[in-house]
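Colleague: Have a look at this one before I ask anything.
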């Protein structure tokens, strides 16, 4: 599956939006990937995650646990775990810090893959790496459906994406004239979970 194929799935779901958007990082963009619309469709979720899982075995070998941050890593983490024959767990925010709760555990020696839907700056990924550092498993790498950074984000481990895109984004005080004319909306989820 190519990056163009992945974007076609987002278009099919009505999830490739154009306008003026405030990204979770605070940066601005004329393109937003509303992944909730994709992951509301089990057929599309399975299609994307099955293709991503097929890429992972050669790089990471056997995976015991797939761990992702809430909210964005829950569905792709579950779907990847299903295709990899692994368990799926997720971290959630407690007092602003990601923690693994709800009885989730990782045993010494278990190989852990971090899963996320879309990576832009890598912040949620790095926070998940930090939360996993408190547990005895071994983080072998990470996976995401779309790497919006075009491979530039520092995620704290090796990252394999199903697609890489490089949509321009801007600091709020350095917008191009065409975005300055459009009211900004914030469709993301950071701060909600």
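Note: Cβ is positioned from N, Cα and C throughout, glycine not excepted.
Feature annotation from Swiss-Prot assigns 5-phospho-alpha-D-ribose 1-diphosphate binding site to 116, 117, 118, 119, 120, 121, 122, 123, 124. The orotate binding site annotation in Swiss-Prot covers 120, 148, and the record cites sequence analysis as its basis.
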Colleague: Translate the DSSP assignment of residue 122 (5-phospho-alpha-D-ribose 1-diphosphate binding site) into the three-state scheme.
Modeller: coil
Colleague: For the C-alpha pair, I'd like the distance in angstrom between residue 120 (5-phospho-alpha-D-ribose 1-diphosphate binding site) and residue 148 (orotate binding site), rounded off.
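Modeller: About 5 Å separate the Cα atoms of these two residues.
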Colleague: Under a three-state reduction of DSSP output, how is residue 148 (orotate binding site) classified: helix, strand, or coil?
Modeller: coil
Colleague: For the C-alpha pair, I'd like the distance in angstrom between residue 118 (5-phospho-alpha-D-ribose 1-diphosphate binding site) and residue 148 (orotate binding site), rounded off.
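Modeller: Spelling it out, the Cα of residue 118 (5-phospho-alpha-D-ribose 1-diphosphate binding site) and the Cα of residue 148 (orotate binding site) are 7 Å apart.
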Colleague: So which one is it: of the binding-site residues 120, 124, which has the fewest other Cβ atoms within 10 Å?
Modeller: 120
Colleague: Excluding near sequence neighbours, so keeping only residues 6 or more apart in the same chain, what lies with its CB under 8 A of residue 116 (5-phospho-alpha-D-ribose 1-diphosphate binding site)?
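Modeller: The answer is 68, 69, 72, 73, 76, 124, 125, 128, 142, 143, 144, 145.
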Colleague: Taking the Cβ of residue 118 (5-phospho-alpha-D-ribose 1-diphosphate binding site) as the centre, how many other Cβ atoms fall within a 10 Å radius?
Modeller: 24
Colleague: Could you give the Cα-Cα distance between residue 122 (5-phospho-alpha-D-ribose 1-diphosphate binding site) and residue 148 (orotate binding site), in whole Å?
Modeller: 10
Colleague: Return the count of C-beta atoms lying within 10 angstroms of the C-beta of residue 122 (5-phospho-alpha-D-ribose 1-diphosphate binding site), excluding that atom itself.
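Modeller: The Cβ of residue 122 (5-phospho-alpha-D-ribose 1-diphosphate binding site) has 22 Cβ neighbours within 10 Å.
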